[in-house]
Amino acid sequence: MFDVIFLQFLNGLDKGAAYALIALGLTLVFGTLGVVNFAHGALFMLGAFCAVAMRMLLTLETVTLDPEKLSPWGTPLEVREPLMQAWLGDFGAVLVNYSVPVSLLLTIPIMLLVGIALERGIIKHFYKRPHAEQILVTFGLAIVAQEVIKSIFGPNPLPQPMPVELRGAADIGAWLGMQANVITYPLWRLIYFLFSAILIGGVFAFLQFTTFGMVVRAGMADRETVGLLGINIDRRFTIMFGLAAVVAGMAGVMYTPILPPNYHMGMDFLVLSFVVVVVGGMGSLPGAVAAGFLLGILQSFASMNEIKAIIPGIDQIIIYLVAVLILLVRPRGLMGRRGVMEA
Amino acid sequence: MSTFMSRNDLLLLIGFTIAVLTMPLWLAPFGAGYPDLLNRFAIFAIFAIGFNILFGLTGYLSFGHAAFFGVGSYAAVWSFKLLSMDALPALLFAVVISALFALLIGFLSLRRSGIYFSILTLAFAQMSYNLAYSVLTPITNGETGLQLTLRDPRVLDNALFEAGPGLPSPTLLGMPLQGFEAFYFCAALLIVAFFLAQRISGSPFGMMLKGIKSNQTRMHYTGFNTRPYTLAAFVISGMYAGLAGGMLAIVDPLVGAERMQWTASGEVVLMTILGGAGTLLGPVIGAWLIKYFENIFSAINDVILARFWSFLPDGVSDAMVQITSKFVGDGWFLTLGLVFVLIVIFLPGGVMEGVRRIADQFRPSRRSGRPANQARPHPRPAE
């Protein structure tokens with residue numbers, strides 16, 4: 001029995017990690033700029049498509065027809081020559097193999113740029129407007145982003161292979177001194193969990209231990225006073241928006257081998273991550289992370305057959321159900337500060 | 001009459017009635033004068049009018065209204081399957097059941113306001129959608145969608161008439177609801193729905209709702225318990241959505257769960273904002289514009305574009321075809337998203353505010369006499 005529970009716990013971790021990363025970015029934006037960003041899921045999706053684009057670039061190849069050899073149908077055989085391998089040899093092959101992690105390098109500058117452009121271009125003008133209008137404009141932006149992606153990459157999911165070496169499963173049970181081959185877990189999901197733990201840790205460390213982070217935290221607590229002290233808090237908040245976009249984008253990149261990216265994945269995750277943010281407490285970063293993992297793990301347990309036999313359909317609604325209960329019983333969420341968006 | 005309705009209201013209603021009833025005539029030159037599209041105009045106008053009663057009057061932004069729409073559709077089809085192919089019981093069931101559903105969801109969701117209310121309604125709608133796809137398959141027929149079959153009991157119909165061959169189609173008191181008959185049925189319902197919304201908006205109840213929108217705290221201080229009023233608005237709005245859902249089931253009796261998905265909720269939000277939230281005509285115009293352009297834009301293909309740009313030199317026209325083809329056909333949602341973003345940024349009052357601004361340009365004498373707050377970007381709460 002223990003191993004079943006432990007396995008479900010592990011299964012919840014990677015989804016929980018994705019929720020936590022998106023919710024972290026959402027909360028960061030809400031806590032700093034006070035903007036309810038419905039386009040945040042789209043940023044996750046854009047990140048995932050950065051990985052797709054990177055892989056397309058890496059696997060560019062020249063196709064020539066070879067009149068000497070014929071295929072079984074009698075047509076000239078196509079000879080494909082991958083450019084990366086031709087130029088870089090073995091290193092090129094490694095690059096293609098590790099295209100997903102490599103595309104993080106592309107994603108970080110792109111997402112930073114997208115985030116800052118978005119904030120300066122549009123969201124800046126919505127600070128003083130009601131939350132409903134912020135929701136509406138970011139909702140519109142999310143539609144635009146996903147339609148642009150759809151018109152470039154097409155409507156179908158594009159599976160991204162993970163590096164060959166990481167395709168296996170990790171025998172976590174054996175590592176912990178239990179019986180071998182009982183608790184195994186796909187290696188990539190383990191890596192995703194570790195990656196997100198490092199990313200989350202990095203964001204917290206950045207906020208906690210750097211001067212920049214200190215100023216941002218001060219600005220979150222009392223923007224006006226920080227501004228009066230002669231600090232250009234707006235600029236820092238803009239950078240935080242860019243940072244939130246980068247976090248969402250990186251979460252998206254690393255998630256591509258688990259879920260083939262399609263243009264509407266952002267919206268699917270957005271709804272869930274909003275629920276996560278609300279459960280964690282609007283504006284609380286630890287709350288967002290904790291709630292992300294909590295809901296991921298709960299969802300994983302709810303999809304166990306034993307549980308589904310007791311309450312049919314619970315796996316479909318567990319997250320929303322928890323959100324509804326939390327909102328009705330404890331409106332400021334698990335760790336929300338008193339008085340922040342408490343209504 | 002003057003105590004019942006002001007002259008302006010009456011004129012608006014009469015004008016609206018004439019406009020709706022003559023829709024097949026004045027929309028024909030635009031290529032939209034056929035019943036299938038006109039039905040959708042009427043149905044989604046009702047949906048948007050209902051949504052506006054909640055969002056436009058009270059300011060509560062619900063992201064889950066498609067749930068009531070879907071419930072209305074399912075209820076109507078079940079009435080077709082079990083009782084009779086007549087439209088009236090179907091719509092009655094659609095409205096009553098979605099009202100009960102809205103009462104339950106509204107009672108819970110309205111304990112919170114602002115973003116939390118939006119999330120709660122979204123969560124409930126997504127729950128309904130997910131359940132409709134999975135566990136509730138016996139009721140909703142899951143992914144296939146609920147449809148009429150030959151083996152349906154149809155208790156009333158079979159007791160009264162001899163069953164004809166093939167699948168029956170919806171009727172109204174024995175008259176088949178097809179083509180323009182269906183449209184005039186929908187149009188009549190739209191006019192009634194508009195009239196009711198007009199009455200609600202002008203009534204003391206409507207004033208109360210507008211008061212909640214402009215300052216709920218002050219309403220509390222003056223001694224009003226606002227919850228019953230918002231709940232009533234929520235339920236009325238849910239009934240409108242259920243009615244619209246039931247009507248869509250009449251013209252298209254294959255009901256899938258995607259009618260409840262949150263994108264469908266988003267669409268009615270778009271319609272209302274695009275036309276102008278808080279106004280009477282705005283949601284109707286928004287619904288018509290979106291449904292019209294959805295229909296027209298998605299039908300445009302490269303051939304039509306090539307003909308349109310053919311006056312340009314060859315290379316340029318090819319490039320224009322390439323560029324514009326991204327915005328039409330399957331890409332029509334991109335256009336919608338862009339237009340929507342622009343509207344929210346520059347014209348938060350939607351089309352109605354645009355019309356008012358243009359009208360003000362031509363009436364300098366009245367503009368100077370108006371109170372200063374007319375210049376602010378928000379529209380008046382209601383007309």
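Backbone N, Cα and C atoms are what each Cβ position is placed from, and that goes for glycine too.
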Matching range for TrEMBL feature annotation, transmembrane segment, among B:10-29, B:270-289: B:270-289
The transmembrane segment (B:229-250) in contact with the transmembrane segment (B:87-108), cutoff 8 A, at least 3 CB pairs, sep 6+: yes
Dominant neighbour of the transmembrane segment (B:270-289) in B:37-55, B:115-136, B:182-209, B:332-351, by Cβ pairs under 8 Å: B:37-55
